[in-house]
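First up is the structure itself, then whatever we jot down about it.
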Amino acid sequence: VLASGFMFFIIFLFLLQKPLKLESSIIGLIAGFFGLLIFEPQEITPFLEKVEWEVIFFFLGLFIITGAMEKVGIMKDIANFLVKIASGSAVTLVSVIVWASGIVSGFVDNIPFAATMIPVIKGLPTISPQFSNITPLWYALSLGVCLGGNLTPVGASANVVGLTLLKKYKGKEIAFRSFIKYSFAVVTISLVVSNVFSLILLKIL
């Protein structure tokens, strides 16, 4: 009964997070902290020892760096540069977005880049009639940032967590260069297919 009540309380917080001005992360922390405190007060230390603190602090540092890049305007400059080199061609812009977002997402967190590109893509119809159909550009951006994350060990959260667990439980490490050695071909093929798919959408939509 207590567990059910606690679960509904957390759901209630998520439903009212906007009126209460609570971030999802804060609600998650509340759920985790009080869940341990209420249901497993004697097991707090063992649970904390199982937390992958290295991964957490890695992402903490990564988000600080990417957030700083966004604040100083580097991400926006990159987005504007991509539009500029497209030279008014929708076909070129689709290809540029797929490959640029894929490459950038392999080395920098893709969320700030995607968030920066969204208003850029939305404003394209006002720049040129060539960009009146922006639906293929959304596909190009989403495919690029998602698949590009497979390029390096730091390109996606799953990569970091997976490699950390591999080292912890199997005692094996995969070097940055070794990872790219195998991922490069996979990501290249993925982006080629994504590029072709986005160009087909540009023609049929």
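Placed from the backbone N, Cα and C atoms, the Cβ positions cover glycine too.
Curation does not apply to TrEMBL; its annotations are automatic.
A quick note: this is a predicted structure, and the numbers were derived from the prediction, not measured.
According to TrEMBL, the protein carries these features:
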DOMAIN    5-144  domain 'Citrate transporter-like'
TRANSMEM  20-39  transmembrane segment
TRANSMEM  51-69  transmembrane segment
TRANSMEM  81-100  transmembrane segment
TRANSMEM  137-161  transmembrane segment
TRANSMEM  182-202  transmembrane segment
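Beyond the transmembrane segment (182-202), the same-chain residues lying 6 or more positions past its ends with a Cβ under 8 Å from any Cβ of the stretch are 90-91, 94-95, 97-99, 102, 106, 133, 135-137, 139-140, 143-144, 147-148, 150-152. Long-range contacts of the transmembrane segment (51-69) within the same chain, counting only residues at least 6 positions beyond its ends with a Cβ under 8 Å from a Cβ of the stretch, are 75, 108-109, 111-112, 154, 157, 160-161, 164-165, 168. Long-range contacts of the transmembrane segment (81-100) within the same chain, counting only residues at least 6 positions beyond its ends with a Cβ under 8 Å from a Cβ of the stretch, are 117, 120, 124, 127-128, 130-131, 133, 136-137, 140-141, 143-144, 191, 194-195, 198-199, 202. Restricting the average to the domain 'Citrate transporter-like' (5-144) gives a pLDDT of 83.
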